[in-house]
Amino acid sequence: MAVNWLRKLASHKRAPVFPVLGKQGDKALRYLALSPEIELVDSPRHASVLLIAGEVPADRLEPLRRVHDQLPDPFTTLWFRNEPWPHLENVDRIDDLTDLPAALTKAHRELMTGQRDSGCRILSDRPPNPWKGEGDFGQGGEGMMGGVPYGRPMAMNMQEDISDGLTLDSLTFRLGPFFMAFPPGMAAEVTLQGDLVQSWETQLEPYPQRLDAVFFNARKHPVPIAEIELARARHHLQRLYHALHLAGLEALSLSSLRLAHGLSTSSTLDGLRRRLVRSGFFHLAAVGGGLLNTEQARQFGGPAARAAGLADDLRSHDAGYRRLGFSPVCQNGGGVSARWKQILDEVEQSLMLARQAERDEVYTNDVDCIETPRGPWDEQPPEDASAILDEILPGLEWGDALATIASLDIAAVADRGGGTQSPGESRAVQGGSGNVVK
Amino acid sequence: MLLSELFLPVLMVMFMLTVGAYVVAVLDRLIAGAFGAPQAGRVWLAPMARGAWLMTQHANATEAPDWQAWRLAPALYLALAAIGLAVVPWSESLVATDLVTSVVLWGSVEALATVVIFLHGWSANALLALIGGYRYVALGLSYILISMFVLIGVALPAESLQFTQVVASQEALWNVIRQPLGLPLFLIVGLGMTFWGPLNLADSKDLAGGTASEISGPPRLVWDVARAAMLVAFSGVAASAFLGGWMGPWLPGPLWMAIKMLAVLLVLLLLGRVLPRIAPERCVTLMWVVLLPLSFIDLVWAGIGALL
Amino acid sequence: MELLTLLIVLLLSLGAGLLVQWLPMRHQPIATYPQRAPFLGGGTPDSHAWSRYHVRYYPMTLLLIAFEMEMMFMYPWAVVFVEKGMMAVMEMGMFLAILSVGIVYAWREGVFKWQ
């Protein structure tokens, strides 16, 4: 009786959801971030529903199985635009984004009230290495070290520290592809000594990102500058959301997301920028590291390059933009904080260009080379840049390293259009107003 | 005799422990809502629903945790919060334990909190929790000195290490005015002790929950309650040390105390929502190079003030 | 009596904390090995996390010891402060001045940096 009462009360909790992002899953993530009845959590231990959002490529299925099995009982799964594994019973597939929050809530509620059984484990219940019965106490090791106590070796790989040369244990592990602070799909093999990164090797590149359809249209025919600039600003604001979320500025990250969703030519960045500066983000948070040198910045292109002082922007060659008096804005830092200042400046500039262009009805001119929010696209779309992380992350403190990743738009741009959304859905994603360009 | 000196104080502390944690949860939700977090359902029900959910969720295990330490850490943190609450005076006579050395006792609670939080991160034998634990020690060792200097500052005019005496010494003027640097510095200590908001180095987002990243179910419930209760205990100490405790016109003492504690809680929760998480290295430098010298100045100021 | 109350508060809250954890867990089966693997976003570790951890703020902890010893003297000092008057101010002032020089030196040496 008491248990029933407890479960009934528990079913009123906002559904705690751990999102596993497949391709284009980040759209669902941003939609859920603004849904009041959903609580997105950072660790599967804190969730009762595992959301698999989008198609998960085959090379990430093994990690997905691992994460699936890491949710404590009782738990269930929900599949968004992805076919549930056949042996999972009583799990739903949802395809419409607007149905997602309700479906997640329902899953959590049914789980709590006992209408739905907890999910089954997929991986077999075996330790990573056999150890039982070995060693003096059956703990799997000999004496103080050696062997595989409790199924895993002890950290014994004494390496010299790259900063002070002390010889202590380093910890090597593979992180991702479903780690919240990484771009969707990225995985890396990391060696830490203390909380300093000793080596970083990106193993799985993040999924290519699909930009707004307007960037693909702009490669076919001239498009209104107002429209393309709003899409650019929206892209940057969505990235800002992820970074501010990581920095612990929950309220500001949601403001940024709301601004992105309701973006129109009458939007202004002033309020958000003021609050961000006043919060001390540029002084307190982990924005110290992540310096790109000129060569890396050039390789990267786009806002990251302009933040390092390279005034390269394909828009300055476009006759349409020249009519609007466009000239690229730059910073001269090249680090995390310079990149975020650059992003804020570029969003502001985009909004201004959009306003002017809407008034004068200016269209883009060049179609064979356009500047995407990720970087220049002349012959090839911007390519994946996750290899740069291997160079710049070693030596950084853990928080600085993750803030650096968040500040870089490393994913490649898919050369297929982002126009796969139905109009109704794009309205849902963009908070009702969408691209307000007449 | 036994009833009034043993039973009632214990009951009072236990009551504060649960009600306090609940109030913190509700207030934090309300503040988050005011800052634009999406809200659903009834705010007053949400913490209870969360508690019920954590009671039904199974407790997670890691491969080879230090079981005793892992289960003991949340309970110990809760016990520290309870001890903190026990020394908070609600009026001249209404104090759970009116020790002569209650300021020293609170100081030891602050120091032991560092140990317990580290233990929580370490005992899971998981990487992200371990980093959270070690990171917290850097913070814990930095705030402890600031806290001590500031608390000694309030003990000077009282000529006593007893919180009731400290409150009584503020009859003429509250310490928040007499020692203007004291309360702001002490609030930073409060955020540090509960790793709240900008000083959440232990259970941070970049560690997927840090020391709490591997726990679920009842242990997580105890950990969360302990953290909220510690915030309440801290606000009680801050209200006694700086805001004149039970003193105030018209209303009865305990009510004044409750109002002042709520005010401190509100400020702490607000700070937690508007500031970003500070980078560990900056945190340590800031604490030692800026805030610690400021706490020296506070102490000298308090000393001269006490003599005049 | 006060200490007895305090002890009871300590034991009760500690007991409550342990009981809340223990009671629901009595009937739960131990988690499977895949569930018990540490969460790394789908990744795996090479080894146990316990290790000779490289504490980056180690010099700072040494500096702390210098201050912590002093705290023991400050408690009794605080109680007799008003009685002793100006002398107590001078004493502690000198002490703090010397320690401040220590902090400045440590800062210059980069003790508060992650090294």
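Just so it is clear, glycine is given a Cβ too, placed from its N, Cα and C backbone atoms.
What TrEMBL says about a protein is an automatic prediction, not a curated fact.
What TrEMBL says about this protein:
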type     : residues  : note
TRANSMEM : B:6-27    : transmembrane segment
TRANSMEM : B:72-91   : transmembrane segment
TRANSMEM : B:103-122 : transmembrane segment
TRANSMEM : B:134-156 : transmembrane segment
TRANSMEM : B:176-196 : transmembrane segment
TRANSMEM : B:228-247 : transmembrane segment
TRANSMEM : B:253-271 : transmembrane segment
TRANSMEM : B:283-304 : transmembrane segment
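Each of B:134-156, B:253-271, B:283-304 was scored by its Cβ pairs under 8 Å to the transmembrane segment (B:72-91), and the highest score goes to B:253-271. For the transmembrane segment (B:103-122), the partner stretch with the most Cβ pairs below 8 Å, chosen from B:134-156, B:176-196, B:228-247, B:253-271, is B:134-156. With respect to Cβ pairs under 8 Å, the transmembrane segment (B:6-27) is most closely packed against B:228-247, considering the stretches B:134-156, B:176-196, B:228-247, B:253-271, B:283-304.
The list of residues near the transmembrane segment (B:283-304) in space but at least 6 beyond its ends in sequence, with Cβ under 8 angstroms from a Cβ of it, reads 138-139, 142-143, 145-146, 149-150, 152-154, 156-157, 178-179, 181-182, 185, 188, 199, 201. A contact between the transmembrane segment (B:253-271) and the transmembrane segment (B:134-156) is absent, since fewer than 3 of their C-beta pairs, 6 or more residues apart, lie under 8 Å.
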